[in-house]
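Reviewing the structure listed below.
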Amino acid sequence: RGWAEGGSRPVPFRSRRSHDSPARWAPTPPRSGGASGSHEAAPRAAAGEGGSGGAGAGRQVGRRPGRWPRGAPRQRRKPTPPGEARRSDGPTRSTARRPRGAPSPSLGQDQTKKSWILDPSGEHYYRWLGLMVAPILYNWIILICRSCFPELQRQYRYVWLALDYLGDLLYLLDIAVHFHTGFLEQGVLVQDQAQIRRRYLRSSTFRWDLLSVLPTDLLYVRLGTAVPAVRANRFLRSPRFFEACDLIETRTAHPNSFRITKLMLYVFVAIHWNGCLYFALSGFVGYGADDWVCPNASRPGFDRHLRQYLHSFYFSTLILTTVGDTPPPQREEEFLFMAGGVLLAVMGFASIMGSVTSVVSNMSRAEATFYPNHDLVKSYLRAHCVRRRLQHHVLRWYQHLQMNKKMTNELEILQHLPERLRAEVAVSIHLPTLRKVQLFQNCEQSLLEELVLKLRPQVYSPGEYVCRKGDVGREMYFIREGRLAVVADDGVTQYAVLGEGLYFGEISIINIKGNKSGNRRTANIKSIGFSDLFCLSKEDLAEVLAEFPDAKAMLEAKGREILLKMDKLDVNAEAAEIALQQEQAQRTAALEEALDVLQTKLARVLAGLESSAFKMALRLEQLEWQMRGWGEGAEP
C-alpha cells in the first residue's frame, strides 16, 4: 500500500512518532514516474501513513491492523503544534502517569469502591466502645485475682483460657475498628481509607494497641498455665476504657449519676487489687503465720475460695478507709504493705472527696440554672413582712416548679447554643402549639420560626387570674398544660373552660382598625389548677412582622374575619379610619410635592446667587488690573 503507482521506487514516509519538524508527515515526491502516478501516490500513501515501506508499510504505528477497510480513503491529520495536545474524535488512551492511590480516570467518582467508615460521634462507634468496656474490665478484675489465687487459676483453667482468647479477639477487632474510624480535619469528617490508615499507624495509640495484643501467652509453654501474669500487657488497652467513659458521660441523660458510678467502680478496683495483693503477701509469709496475715485453710470456713477472697477484700477495705480495726503488723513486709495502703488511702480519700464535691456542686449549679432560687425570695418576703398567706402561695408555686420539672428560663439555658441550633430546638418543642392558632395558620415557615423564639413559658397557680376584663391586652397566651376558666366578674360563675392546646388574646396584639373593644380584654380568665402557658407579647410580634410585611397584612385580614364573625368589628369606623388615612396620605404626598418644588426653586436661586457672585468677582478683578495699568502709565 505504500508504493506509488506508476513510480519506480517506493514513496518514503516518516513515522508519526518521530520528533522532526511538522513537515515530517509530507510525502516525498518520487524521482520518476508519470503525472498520473504522482497524483495517485499521495492519497494511497496517506492510507498507509506511518509505514516504512516494504512488507510492513500497510500497518500504521499504534493502530490495530484492519481497522480501516482496504482501499478506503483516509484523511491525513494536521501536524500538532509543539506544546498542544492532539485532539481526537474518539476515546484515546492517556499516557500520563496516575498518582499512586488515585482512582482510575475511566471510573467516575461514584463508581469508586467505598469501605465502611465509623463516625466517632455516631451510634455504631458508641456501641462498640460500650462493648470494649467488658474485656478491659475483665482484665482489670480477673487477671490480678487469678495471679494471686493460684487454686482459682488451676480449678477453672479452661474457662479462663476461653475468656482470655475471647477478649483477645475483641482486642484485634478493635484494631480493625481503628482502621475504619474517621477523624475530623478542619471540621469535616475524613473518610479516605488511606489517610485514616496512615494517621493511625503514625499515632502512639497504634503502638500501645499493638503491644496489648502481643502473644505473650506463648510463655505458657515454658512457665505453664499457672502463671496468668504473662498477660499483663493487656492492661495497655485501658485508654480505650477512659475514652468510653468520656463518651458515655457526654451522651447519658444522667451525667452526675454516671460520675458517681464511675467513682465507685474505681474504689472497688482499688480495694480489689489491694485485697488480692494482701492474699498474695499472706501466701508469701505463710497463711496463719500471725494474726495479720490471712488464716490458714485448716481454719473452719477458710478452705473455700470465696471466704478467702471476702476476708482479703474486707481487710483491704479496713486499710484503705483508715478505720484502724486491723491487727498490728509484725514483719517488715507487713509494715511496708500497711504504709503503702495508708498512703494510697490518703490519696484516694482526697480524690473521692474532690469528685463528690464536684458532682454535688454541678448538681446544685444545674438546679439553680433550671429553677429560680427560692431562698432569696423567701428572705425578701420575710424582710418586707409579707402576710403569711401570700408567702405560702409563693412557696407552693416554687414547689410546683421543682416537683414537676417546670422551667421558666429556657432562653438562659439555651443561650450558649448557636442561634440556628437554638431555633431548631425551640421549633421542635413549640411549633406544634403555635400551628394550632387559627391566626397563624398558613403562615410561612420562617415567620413561625421567628415567633417560636419569642415564646416565654409562664406558670400560674390555682385561682390566679391570667387576665381581667378591661385590662389592656399586651400578650396572647397558648395553653400548654392545665385548665383555665372564663369567669364572671364575681370570680365564681364559669362561662367556659379552656383546655390544653387552646389559645386566647390573639386579637389584642394586632392593631385592627374598627375593633369595637379596642385592645382591651373582654373576659376574666382564671387558672383552675396549676397551668403552663406560653406568652407572646405585642412588641415581639411587631418586631417579627416588621421583617414580614406580607404576613402582617395577611394576619390583619384574618383578624378582621375573626372580628366580623364575633360581631366586634365596626365596618363604618374602619372605613372612616381608612379614608382618614388615605386623606392623610394624600396630604402628605401634596406636602412632599410642594417641598420638592420649593427645593427646586431654592436650588435655582442659590445657583443664580453663585453665578452673580462669580461675575462680580471677575468684574472686580478686571477693575483692579485696569487701575494698576493706569497707575503704571501715569508714573513715567
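Each residue, glycine too, has its Cβ placed from N, Cα and C.
If you look up TrEMBL, you'll see 1-114 marked as region 'Disordered'.
Residues or ranges marked as compositional bias 'Low complexity' in TrEMBL: 37-47.
The annotation compositional bias 'Gly residues' is assigned in TrEMBL to 48-59.
Taken from TrEMBL, the feature compositional bias 'Basic residues' applies to 61-79.
Taken from TrEMBL, the feature transmembrane segment applies to 125-145 (among others). Packing against the transmembrane segment (125-145) from elsewhere in the chain are residues 118-119, 152, 160, 163, 166-167, 170-171, 174, 177, 181, 228-229, 231-232, 234-235, 237-238, 240-241, 243-244, 247-248, 251, 269, 272-273, 276-277, 309: each is 6 or more residues past its ends and has a CB under 8 Å from a CB in it.
Here the transmembrane segment (263-286) has long-range neighbours at 140-141, 144-145, 147-149, 293-294, 308-309, 312-317, 319-320, 331, 333-334, 337, 341, 344, 348, 352, 355-356, meaning same-chain residues at least 6 beyond its ends whose C-beta is under 8 angstroms from one of its own. Annotated transmembrane segment per TrEMBL: 263-286 (among others), in sequence order.
Look at TrEMBL and you will find 335-356 (among others) tagged as transmembrane segment. With a cut-off of 8 Å between Cβ atoms, the residues of this chain six or more beyond the transmembrane segment (335-356) that come close are 259-260, 263, 267, 270, 274, 277-278, 281, 316, 319-322, 326, 329.
Counting residues per DSSP class in helix, strand and coil order gives 18 helix, 40 strand, 49 coil for the domain 'Cyclic nucleotide-binding' (439-545). Sequence annotations record features per position, and here TrEMBL assigns domain 'Cyclic nucleotide-binding' to 439-545.
Annotated coiled coil per TrEMBL: 566-593, in sequence order. For the coiled coil (566-593), the model's pLDDT averages out at 78.
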